[in-house]
Amino acid sequence: MEWLWLFFLHPISFYQGAAFPFALLFNYLCIMDSFSTRARYLFLLTGGGALAVAAMGSYAVLVFTPAVCAVALLCSLAPQQVHRWTFCFQMSWQTLCHLGLHYTEYYLHEPPSVRFCITLSSLMLLTQRVTSLSLDICEGKVKAASGGFRSRSSLSEHVCKALPYFSYLLFFPALLGGSLCSFQRFQARVQGSSALHPRHSFWALSWRGLQILGLECLNVAVSRVVDAGAGLTDCQQFECIYVVWTTAGLFKLTYYSHWILDDSLLHAAGFGPELGQSPGEEGYVPDADIWTLERTHRISVFSRKWNQSTARWLRRLVFQHSRAWPLLQTFAFSAWWHGLHPGQVFGFVCWAVMVEADYLIHSFANEFIRSWPMRLFYRTLTWAHTQLIIAYIMLAVEVRSLSSLWLLCNSYNSVFPMVYCILLLLLAKRKHKCN
């Protein structure tokens, strides 16, 4: 069972596991109605601060600083201006931190500190919460702190008004991972009584534990296959397709395990899907919809379901506000948000092109393929093609060296995205003629 210990000794998994008892304690105290709303905000904020210091060490200041600045902007700016300024500041700060990682990896050729990598991951999640909250304020979904820091209220009153914002940005169940929780859901959970029955919560968490166990068993089996076979540097021709597919499968299994663990921590604290929702409130969106991800034959569906809460956040933040080339802008911003490593830039641009091709290809197929056997054959073929393209994109995004990216581009795996590129050009030309 050493492999199971390796999962829980993974830096983020370890700290997420350490936070579990405190998440259960918070939920229990809410069920018992044992402490006030302000005490709940303080509990979540203090837990977030302690977890940040434990996991990140001195790098925690890189998360605390933008959180404090974001709250200052949220409380001092007019609702119409708040999103522009918070977005610019947050992405500038995150980009500077990512440049530090680039300097370490590409200039010094040194492996980055594990604590620094955890900090960057947490900072990316903080960017999601900051921009989500600023958009809510800008759109009138959340009422900004009245008066803000410009009013003549005392310091203690300012702090009390800003406490929900601080707590939301740094609350410990979502500090290191987990689906994006809107400020409305967060506030409703903290201010209301828990809708989570202890027995139901126990079975839900047990089911998630079994899922993690099963995924880790698969992870071990696939990793042994990958280790026993050739790598991307020494594979030959069609063998490279198998290498990329199995390696991408290993990445996916790892993502699924960690997403379910993150989801379990949120659920243990009472922020899971069983929470009662007020009218018009956005529901809980889990990141790991494994069933849909593994059976879909459409790249566009995979894109919407992969890391689902982040996909929705990107759609709201970029896609819905883009006037020209919204799809390309969304994936380009995703590459920026992830850190602009060469593989990420290539991978996300390729992903955008594949989604655009996917729309045209399936629209054309639905128009001309009528018989049931042909539809089944078409669905099977496009499922396999989708899985191979996703594997190609995933490896491009995950590799850090230009040499590895070059090997991937020169392998037979490049045939699959090239087929979609050719079909995109042909179908786009046909669509233009029809119009």
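Cβ atoms are placed via backbone N, Cα and C, with glycine included.
Swiss-Prot lists 1-5 (among others) with the feature topological domain 'Lumenal'.
Per Swiss-Prot, transmembrane segment is recorded for 6-26 (among others), and the stated evidence type is similarity to another entry.
Among the features that Swiss-Prot reports, topological domain 'Cytoplasmic' is placed at 27-40 (among others), with the record citing a curator's inference. Helix, strand and coil content of the topological domain 'Cytoplasmic' (27-40), in residues and according to DSSP, is 9 helix, 0 strand, 5 coil.
Same-chain neighbours of the transmembrane segment (41-56): 11-12, 15, 18-19, 22, 26, 29, 35, 62-64, 115-116, 118-119, 122, 163-164, 166-167, 170-173, 175-176, 190, counting only residues six or more beyond its ends whose CB sits under 8 Å from a CB of the stretch. Residues or ranges marked as transmembrane segment in Swiss-Prot (evidence: similarity to another entry): 41-56 (among others).
Annotation comment: Swiss-Prot describes 60-76 (among others) as transmembrane segment.
Look at Swiss-Prot and you will find 77-82 (among others) tagged as topological domain 'Cytoplasmic', backed by a curator's inference. Using a Cβ-Cβ cut-off under 8 Å and counting only residues 6 or more beyond its ends in the same chain, the topological domain 'Cytoplasmic' (77-82) has close neighbours at 134, 137-138, 140, 144, 148.
Annotated transmembrane segment per Swiss-Prot: 83-101 (among others), in sequence order. Within its own chain, the transmembrane segment (83-101) has Cβ neighbours under 8 Å at 62, 65-66, 69-70, 73-74, 77, 112, 116-117, 119-120, 123-124, 126-127, 130-131, 134-135, 137-138, 336-337, 339-340, counting only residues six or more beyond its boundaries.
In the topological domain 'Lumenal' (102-120), helix, strand and coil residues by DSSP number 13 helix, 0 strand, 6 coil. Look at Swiss-Prot and you will find 102-120 (among others) tagged as topological domain 'Lumenal', backed by a curator's inference.
The feature transmembrane segment is assigned by Swiss-Prot to 121-136 (among others), with similarity to another entry given as support.
Residues annotated as topological domain 'Cytoplasmic' in Swiss-Prot, with a curator's inference given as evidence: 137-206 (among others).
Marked as transmembrane segment by Swiss-Prot: 207-227 (among others). When Cβ-Cβ distances below 8 Å are used as the criterion, the transmembrane segment (207-227) is approached by residues 3-4, 7, 243, 246-247, 249-250, 253-254, 256-257, 260-261, 263-264, 267 of the same chain, each at least six residues removed from its ends.
As a summary of secondary structure, the topological domain 'Lumenal' (228-240) carries 3 helix, 0 strand, 10 coil according to DSSP. The annotation topological domain 'Lumenal' is assigned in Swiss-Prot to 228-240 (among others) on the grounds of a curator's inference.
Residues annotated as transmembrane segment in Swiss-Prot, with similarity to another entry given as evidence: 241-261 (among others). Long-range Cβ contacts of the transmembrane segment (241-261) within its own chain (Cβ-Cβ under 8 Å, at least 6 residues beyond either end) map to 7, 10, 12-13, 16-17, 177, 208, 211-212, 215-216, 218-219, 222-223, 225-226, 229-232, 235, 286-288, 290, 293, 307, 387-388, 390-392, 394-395, 398, 408, 411-413.
The topological domain 'Cytoplasmic' annotation in Swiss-Prot covers 262-324 (among others) and rests on a curator's inference.
For Asn307 (among others), the entry in Swiss-Prot reads active site. Within the same chain, residues at least 6 positions away in sequence whose Cβ sits under 8 Å from that of Asn307 (active site) are Tyr255, Trp259, Asp287.
Counting residues 6+ beyond its ends, the transmembrane segment (325-338) has Cβ neighbours under 8 Å at 91, 94-95, 124, 127, 314-315, 317-319, 344-345, 347-349, 351-352, 355-356, 397 in the same chain. Positions annotated as transmembrane segment by Swiss-Prot, on the basis of similarity to another entry: 325-338 (among others).
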Candidates 6-26, 60-76, 341-357, 377-397; stretch with most C-beta pairs under 8 Å toward the transmembrane segment (408-428): 377-397
Cβ neighbour count within 10 Å of His338 (active site): 17
Beyond the flanks of the topological domain 'Cytoplasmic' (429-435) by 6 or more, those residues with Cβ under 8 Å of it: 360, 364
The topological domain 'Cytoplasmic' (137-206) [mean pLDDT, rounded to integer]: 81
Top Cβ-contact partner of the transmembrane segment (341-357) among 6-26, 60-76, 377-397 (pairs under 8 Å): 377-397
